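A quick write-up on the structure given underneath.
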Amino acid sequence: MPKPDSEAGTAFIQTQQLHAAMADTFLEHMCRLDIDSAPITARNTGIICTIGPASRSVEMLKEMIKSGMNVARLNFSHGTHEYHAETIKNVRAATESFASDPILYRPVAVALDTKGPEIRTGLIKGSGTAEVELKKGATLKITLDNAYMEKCDENILWLDYKNICKVVEVGSKIYVDDGLISLQVKEKGADYLVTEVENGGSLGSKKGVNLPGAAVDLPAVSEKDIQDLKFGVEQDVDMVFASFIRKAADVHEVRKVLGEKGKNIKIISKIENHEGVRRFDEILEASDGIMVARGDLGIEIPAEKVFLAQKMMIGRCNRAGKPVICATQMLESMIKKPRPTRAEGSDVANAVLDGADCIMLSGETAKGDYPLEAVRMQHLIAREAEAAVFHRLLFEELARASSQSTDPLEAMAMGSVEASYKCLAAALIVLTESGRSAHQVARYRPRAPIIAVTRNPQTARQAHLYRGIFPVLCKDAVLDAWAEDVDLRVNLAMNVGKARGFFKKGDVVIVLTGWRPGSGFTNTMRVVPVP
């Protein structure tokens, strides 16, 4: 039964799907899930929106922030630096328009998505808009001869990857335009391949090419990427989504380009091919987080295996305590329709159940007809899915996975999450400078939201990458007396939590603080009733 309005602020955090959360077995947990369980106020999963023509005005961005956008993604495969600079300016203007109210202010992060080392076809008949029809069974010659760079047609196709003849074999497959067109290699020469069209269709200019299974030796960071990354450092972006990462060395190269000035930018590696999946552990070790980029991945590995790769990557990221983003086609049909398909709803929910920290929208918000509806839909689905996570089992397993650690901060984080379960805390309040304390708490996946109070704007923005962290930016001057300064920040978190309906007077919250100034000393845990 719905609660009367007078109790609208009631903390549903502890009670949503509580019966299921306390089950002894996973089967019993599934049996107890209840569609009438009232949803919580807080959503713990981050929502990343790609900003494009449909969403780059300040007014639209304001509405998207209100609807739940946490991170704005700029896709550098398209657009000039001037175009992106204006988008970044608009995102910041939209974010700052809420700054007058510190309680409702939400820091929004900016992410730069690199184009990465791609292989592309040439121009069809010298025009960017011309198309030719490739018929099934027809013969198509692939050439490296630059004379054909702008003269491709249905008989001959130029590619910009010089080593293609070395890395593909007779019998190999070549996919063009997101896998819509497939070719099989019949014969190879020094600078050409003869292929047969297996799946035809109309082919436009400058389309992407995939070579599944081939050991492509393109540089990890292209010349364009270097310029884009330097632009990102100048624009003070918060994170980089690095495309087509195949090995740890690729991540180090991105890090090198970002340099000293960009050393605090988080690098999220996009796994988009077989080699990236195979060498996942070394990539994870070198990265700040991972994106499961299902688009290209679904061409490079068989479509029916993508879900295996998704579960494996999310599992390993959860075990390592690093953020993971699930992306591509999450609500694809909402580009043209106001409601998602049932399959898409399940896909978003299952990404959350798998353990994704963030879920991403691409075309839905960049060029779709219903950008706001797509953000709201992801918000609603994620909120329901989070409550259906079997937290009891998950916490036990995460605690067991890190039982070897002797890091005091990790012990504090684990203890605070365990305490939050035991006393049904409505939230965990963490005071953090670098963000590390909050990240460690998030690692153990508490049911309750983590309100992370920081004075560092970048720490606040980057916190959205981690599930369950609600960053609160404290703009008050530091008080001389440390204890008073701690109280100031804890009270700010209490006010934010009450205003957002996370908890009400009399609820219990867990407070994690340091006992002296500086980063790296979070070592005091208190269980505090909300005043």
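Cβ atoms are placed via backbone N, Cα and C, with glycine included.
These features come from Swiss-Prot:
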type: MOD_RES; residues: Lys3; note: N6,N6,N6-trimethyllysine
type: MOD_RES; residues: Thr41; note: phosphothreonine
type: MOD_RES; residues: Lys66; note: N6-succinyllysine
type: BINDING; residues: Asn70, Arg106, His464; note: L-serine binding site
type: BINDING; residues: Arg73, Lys270, Gly295, Asp296, Thr328; note: substrate binding site
type: BINDING; residues: Asn75, Phe76, Ser77, His78, Arg120, Lys207; note: ATP binding site
type: BINDING; residues: Asn75, Ser77, Asp113, Thr114; note: K(+) binding site
type: MOD_RES; residues: Tyr105; note: phosphotyrosine
type: CROSSLNK; residues: Lys115; note: SUMO2 cross-link
type: MOD_RES; residues: Tyr148; note: phosphotyrosine
type: CROSSLNK; residues: Lys166; note: SUMO1 cross-link
type: MOD_RES; residues: Lys166; note: N6-succinyllysine
type: MOD_RES; residues: Tyr175; note: phosphotyrosine
type: MOD_RES; residues: Thr195; note: phosphothreonine
type: CROSSLNK; residues: Lys266; note: SUMO2 cross-link
type: SITE; residues: Lys270; note: site 'Transition state stabilizer'
type: CROSSLNK; residues: Lys270; note: SUMO2 cross-link
type: BINDING; residues: Glu272, Asp296; note: Mg(2+) binding site
type: MOD_RES; residues: Lys322; note: N6-succinyllysine
type: REGION; residues: 389-433; note: region 'Intersubunit contact'
type: BINDING; residues: Thr432, Glu433, Ser434, Gly435, Arg436, Ser437, Trp482, Arg489, Arg516, Pro517, Gly518, Ser519, Gly520, Phe521; note: beta-D-fructose 1,6-bisphosphate binding site
type: MOD_RES; residues: Lys498; note: N6-succinyllysine
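Shown on the structure are the features that Swiss-Prot records.
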residue: Phe76; record: ATP binding site; contacts (Cβ under 8 Å, 6+ apart): His84, Leu112, Asp113, Thr114, Lys115, Lys224, Asp225, Asp228
residue: Ser77; record: ATP binding site; contacts (Cβ under 8 Å, 6+ apart): Asp113, Lys115, Glu118
residue: Arg106; record: L-serine binding site; contacts (Cβ under 8 Å, 6+ apart): Ile65, Asn70, Thr95, Phe98
residue: Tyr148; record: phosphotyrosine; contacts (Cβ under 8 Å, 6+ apart): Gly122, Ile156, Leu157, Trp158
residue: Thr195; record: phosphothreonine; contacts (Cβ under 8 Å, 6+ apart): Thr139, Leu140, Lys141, Ile142, Ile174, Leu183, Gln184, Val185, Lys186
residue: Lys207; record: ATP binding site; contacts (Cβ under 8 Å, 6+ apart): Arg120, Thr121, Val176, Asp177
residue: Asp296; record: substrate binding site; contacts (Cβ under 8 Å, 6+ apart): Asn210, Phe244, Glu272, Asn273
residue: Arg516; record: beta-D-fructose 1,6-bisphosphate binding site; contacts (Cβ under 8 Å, 6+ apart): Trp482
Proximal residue to Arg73 (substrate binding site) among recorded positions Lys166, Lys322, Thr432 (C-alpha distance):
Lys322
Using C-alpha atoms, which one of the recorded positions Thr41, Tyr105, Lys166, Lys266, Lys498 comes nearest to Asn75 (ATP binding site)?
Lys266
Cα-Cα separation of Lys322 (N6-succinyllysine) and Tyr105 (phosphotyrosine), in Å?
26
Cα proximity to Lys66 (N6-succinyllysine), best match among recorded positions His78, Tyr105, Lys498:
Tyr105
Mind telling me which of the binding-site residues His78, His464 has the densest Cβ neighbourhood, counting other Cβ atoms within 10 Å?
His464
For the ATP binding site, please report the maximum Cα-Cα distance among Asn75, Phe76, Ser77, His78, Arg120, Lys207 in Å.
17
Tell me, how many other CB atoms lie within 10 A of the CB of Trp482 (beta-D-fructose 1,6-bisphosphate binding site), whichever protein chain they belong to?
14
Long-range Cβ environment of Thr328 (substrate binding site), under 8 Å and at least 6 residues apart:
Ala293, Arg294, Gly295, Gly298, Met360, Ser362
Tell me the Cβ neighbour count for Thr432 (beta-D-fructose 1,6-bisphosphate binding site), meaning other Cβ atoms within 10 Å of its Cβ, over all protein chains shown.
28
State the mean pLDDT for the region 'Intersubunit contact' (389-433).
87
Shell of the L-serine site beyond Asn70, Arg106, His464, same chain only (C-beta within 8 angstroms of their C-beta centre):
Gly46, Ile47, Met69, Val71, Pro107, Val108, Ala109, Arg461, Ala463, Pro471
How long is the line from the C-alpha of Lys166 (SUMO1 cross-link) to the C-alpha of Tyr175 (phosphotyrosine), rounded to the nearest angstrom?
17
Intrachain C-beta neighbours of Tyr175 (phosphotyrosine), sequence separation six or more, cut-off 8 angstroms:
Ile181, Ser182, Leu183, Val209, Asn210, Leu211, Pro212, Ile299
Please list the DSSP helix, strand and coil residue counts for the region 'Intersubunit contact' (389-433).
26 helix, 5 strand, 14 coil
Comparing the recorded positions Lys66, Arg120, Lys270, Lys498, which residue's C-beta has the most other C-beta atoms within 10 angstroms in this structure?
Lys270
Nearest by CA distance to His78 (ATP binding site): which of the recorded positions is it, out of Tyr105, Lys266, Thr432, Ser434, Arg436?
Lys266
